[in-house]
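J.: Sharing a structure here in structure tokens format.
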Amino acid sequence: MAEERPPRLVDYFVVAGLAGNGAPIPEETWVPEPSGPLRPPRPAEPITDVAVIARALGEEVPQGYTCIQASAGGHPLELSAGLLGGTQPVICYRRGRDKPPLVELGVLYEGKERPKPGFQVLDTTPYSHSANLAPPGPGHPRTYLTYRRAAEGAGLHALGITDLCLVLPSKGEGTPHTYCRLPRNLNPGMWGPAVYLCYKVGLAKANTLVYEAELLGRYPEEDNEAFPLPESVPVFCLPMGATIECWPAQTKYPVPVFSTFVLTGAAGDKVYGAALQFYEAFPRARLSERQARALGLLSAVERGRALGGRAVRSRRAIAVLSRWPAFPAFRAFLTFLYRYSVSGPHRLPLEAHISHFIHNVPFPSPQRPRILVQMSPYDNLLLCQPVSSPLPLSGASFLQLLQSLGPELAITLLLAVLTEHKLLVHSLRPDLLTSVCEALVSMIFPLHWQCPYIPLCPLVLADVLSAPVPFIVGIHSSYFDLHDPPADVICVDLDTNTLFQTEEKKLLSPRTLPRRPYKVLLATLTNLYQQLDQTYTGPEEEASLEFLLTDYEAVCGRRARLEREVQGAFLRFMACLLKGYRVFLRPLTQAPSEGARDVDNLFFLQGFLKSRERSSHKLYSQLLHTQMFSQFIEECSFGSARHAALEFFDSCVEKVHPEQEKPEPTPLVELEELSGSELTVFITPPEEPALPEGSESTPQYCYDGFPELRAELFESLQEQPGALPVPGPSRSAPSSPAPRRTKQEMKVAQRMAQKSAAVPELWARCLLGHCYGLWFLCLPAYVRSAPSRVQALHTAYHVLRQMESGKVVLPDEVCYRVLMQLCSHYGQPVLSVRVMLEMRQAGIVPNTITYGYYNKAVLESKWPSGTPGGRLRWAKLRNVVLGAAQFRQPLRERQQQQQQQQQQQQQQQQEQVSAHQEAGSSQAEPYLERPSPTRPLQRQTTWAGRSLRDPASPPGRLVKSGSLGSARGAQPTVEAGVAHMIEALGVLEPRGSPVPWHDGSLSDLSLTGEEPLPGGSPGGSGSALSAQSTEALEGLSGRGPKAGGRQDEAGTPRRGLGARLQQLLTPSRHSPASRIPPPELPPDLPPPARRSPMDSLLHPRERPGSTASESSASLGSEWDLSESSLSNLSLRRSSERLSDTPGSFQSPSLEILLSSCSLCRACDSLVYDEEIMAGWAPDDSNLNTTCPFCACPFVPLLSVQTLDSRPSVPSPKSAGASGSKDAPVPGGPGPVLSDRRLCLALDEPQLCNGHMGGASRRVESGAWAYLSPLVLRKELESLVENEGSEVLALPELPSAHPIIFWNLLWYFQRLRLPSILPGLVLASCDGPSHSQAPSPWLTPDPASVQVRLLWDVLTPDPNSCPPLYVLWRVHSQIPQRVVWPGPVPASLSLALLESVLRHVGLNEVHKAVGLLLETLGPPPTGLHLQRGIYREILFLTMAALGKDHVDIVAFDKKYKSAFNKLASSMGKEELRHRRAQMPTPKAIDCRKCFGAPPEC
């Protein structure tokens, strides 16, 4: 799969302004409709001077000055009024353009403070008297005005003071809108009212024509289908309109103005824009006479005479549009383009730089965390990957919000947004508006603003201010030079840090906020505001390349830390505000009705309100009825695209404590590492065109202004090898359910894993929970491939209940979430309700994502039709029928007991007759005939424990005989044993026709327990016996006298463990079994039907001279075989191996062996599965485990071996025959294998009778990394997210992703969970299927594939010492699965094995350990066993007694006691050095949770 290219940083480049092509400008100017009362015309010139005159001293107002004689409300005022000796000062000001304007005023109390830098003190009047504004006398500090002037050459468009006024608060006057009030009182004396000076800053300019902006150019020309260029972009690029202005001829061009804006789509998606506004020359020829007169170009007295010394300029803008708010990068790029257009000449056109930036600069990603773009040798910009956070990405700047408004005003605006008021934010800096408005809508997270939102509103859209709905609008402050704001709008001036509101629409008091969370928020913001005042330096200057590569991250890191702390303070407040809201959610539990999506039906409003503080009820009453809260409850109930962010907020709610008066020590918004890689991608400027040899480089492109874009000069996308495709919408995984965890869930799971790693029990349960999570990740593919999808969903539901009964600790809710979404997808709302009830019973409160999937399944799925009364009556009828059946059950059981007693009596009589007949004709060829139904069955003693062929099958009944340790051929005991076995298995009466067999071996015996076969298959434990059953028992009874030897009575009491071990300690006396090749089947023999386990047992081919059940080397039987009994034994591979489905006894076409036992190369020791699990680290990126012997890390391996018995090139007919359940097996049935050690030897090719036509089995081996469930889950989630869940059902999965596949197969088989993975192995061997649907190999015949999990290694090391349990089997002459390839040390004799077993049987484990240590000798001179002492003794005991006869828990206790006893004499360190310690508690708990693999 090709790597997807990262998305573009910029999608469009546009040019906006007045229409070009030299056409005349329309006569009508563009004036927007007034949205408020009109103000008087603004002044044409700024204030350049301010003065103070003393009326009492006879001073007059200077020429050109204006005197302030009344307050803003029209009240007459006089400074120092009524005081003797007062000078009666009056403030005057003058307008003009002869000098730079004033930009700031101040009031200075002499002696108490020093003037601010850059300010001048107005200490004298124009007539050289004192300009003190305070009354004379002691106690009154001398008060002077101070001012600051704009710098020389600031230009025509420099901001300046445009108006002054005085206010009297005692008369009820407030600060006028858009004015800034000085905090110092101009009348500080005891007499007279307080007087404050206010001033207004703005742009004072005249002779301007305003028109609506138009689109002059764009690139690319074609719209992207997923992101078309909005038509309103030009008016946002020039929000105050495209203007034509008349300037003095020598006026310098002002610095370009940078602005940002946000366009919101109908679906709520945002498009970010950045524009650079600048002026350029405009030809006079395009102006009409009327327009020229309006601009002041023609004399108003002498008609038609042009005035000299004037220049005409027009405003234009260039802009970029993107889905990413990378405003600093956009500013640098647009500034570079503007400089490029006013300089030159250049060898490359401007269009080449535009297309190069759009196509070749991607948005930073984890693979490219830092991108350094070099636009020219002197212009560079650095792009860094945003901080990974669950919070939505936006263009908000909380630092600018806090710096512009301060802590108290910021909290006041938070209250206004929460109660959905009309907010109008204005400033003279257009780039500040977007950052602050974005912060306003971001600080109410998780609530989402639902009303109109325009961070930078153009004049053409100013009528939104009169809308009757709440809104957040940002606008340029010059708008208020013409209009007053509406009465019901709250205005916020970012330049003066003031809030203007009327009495009609007044905000709630901040005291209505929750008391303690409000105090914590205010204290936190105040502290950060002080830090911001000290460290914040504003936007960075033009950055050099050296700065970008060295100090940029340090500077940005400090800003990012403060940014996240301010955002975290608001987030904590919102978490405290909504604490406990999930308790009041109302889930849907029945078929939905009208109004099911109403907030009253989804949320208990009154209950939530009563749970809050009484002082805050007024706030909550308004908040609960807002549109954004209703939308929030709907998103929590039915899910949305913001589910990851909502889940993160829920985790924040759990962390906060509203009753505390200090914030939590752990920050809610953490700064994460951007990437572990320090990779910086360097993007060079576009290449200059190649020149012919010998020619000189001549610049070709020179611009007088920003040129008109020419399509032929853009570099086409095909010419760029690294070009990025046009971005489309983000593609989700193809799978319908989304089983992916959110980033917050991954963090929580990581923390849980780290805590669980310190507690052994929790670590094992943590791994088990992740294993179940793996299965549910694969559940969508399993359900799609199932014949009955509804049944598959119910299977998953039973797995959930099994997890609950097993007290499995789940790290997240993915298991429940996947099942609920599948219920929604396949229309199973009732099952979804049952899953929700299971969650509640397990004490799990569903998070936002799970809760949304649940309600969606209940709301959108079709509920079953029918009335509840009908279902209730059917249920009652069902109960009546079941009750009647239960009453008849005792009668049926009594009849069966009587029939069994009669049959036993008849069997005993028949056995005696058969025994006499067999004694006289044991050497003759048997003749099989159909027995009568009452023919007695003979008994054979064997172990009927768990099936060695099917680890998933439950253990069957254990059938034992009496004490038969020295009995050889005990006839009555054998007969009684077979009868007891048949009674335990519930075998029916024999039926069928006699079939002559000619073979000297008996078939395999495999018991599946008491689980019935689905579908009533005749292959189960309750199937009927064939006609040959009794004849086979006759053959067994005839061999009894010939075997000879001692006989014990059948009624001898059973021996204990010590007696059984003593009985088993003579295995080496038997001679090796001779193998007799069986004759081939007659060609005319019809294929036999499927048989039960007892059918296979009772089918003789050729009567051997003695009984075929060998027990001295058995893991489960209790009697020995004589030498003669082994001499005629012919071992062949069973053709009726158990597969995944009980009752299937067909030879598997493909056998898979898996083992996780791995070798530590550091100490040459084998580490077993539970030890590997205990050594894993709680890290989803660490593949290593820790060796329990040398503590060295290493990567464990999962060994895989596949044995394929199918033909090499199967034809369609043969392929179908090989998979048929009734296909005959060449060679007939195999021998009776009542011994587990004999079962382990069936993988030898020479012992197989299940191969086709004698062909050898194809064996393929491999080893892959054995992954922790944490690591495997991360890799599987990545695979599903990138390729969809369909990849888990493709036959290419084993070859394309072998590590993931084999690890999944190992865990699923280990936990006995159904899956389609075994079928994928079979399909991958056949190759992809092109002519048929994948269902045949997704649900293969269970007999086709068999998976066996082994505890020990698959292939032994020939250079190492053999394990003791293998030596026991070698001494016992029992064929192995793999013949030991190396020599056997003489010290590891049979006597040693017998001694070890004897000590174990006598509860003297310490002696067994000491004996082994003494025999091996001290390292490094002694023998080196790859397995530890604990493992050697355990495996030897299990090989001698059988796995089901060994209580591993009791063995661990005994071994621990023996270790402590030896440690007192030898020391624990010495025992550990010689690898005699037992597994750690963590390893033992892992084995307890997962269970030991059934085979060695």
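Every residue, even glycine, has its Cβ placed from backbone N, Cα and C.
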J.: Looking at Swiss-Prot, which of Ser509, Ser932, Ser953, Ser1335 is flagged as phosphoserine?
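T.: Residue annotated phosphoserine in Swiss-Prot: Ser953.
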J.: Quick check on the record annotations: which of Ser993, Ser1092, Ser1211 is tagged phosphoserine by Swiss-Prot?
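T.: Checking Swiss-Prot against Ser993, Ser1092, Ser1211, the phosphoserine entry points to Ser1092.
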J.: For the compositional bias 'Low complexity' (896-912), what are the DSSP-based totals of helix, strand and coil residues?
T.: 17 helix, 0 strand, 0 coil
J.: Would you list the DSSP helix, strand and coil counts for the residues of the domain 'cDENN' (390-526)?
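T.: Its residues divide into 62 helix, 20 strand, 55 coil.
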J.: Across the domain 'uDENN' (195-369), what is the average pLDDT of the model, as a whole number?
T.: 85
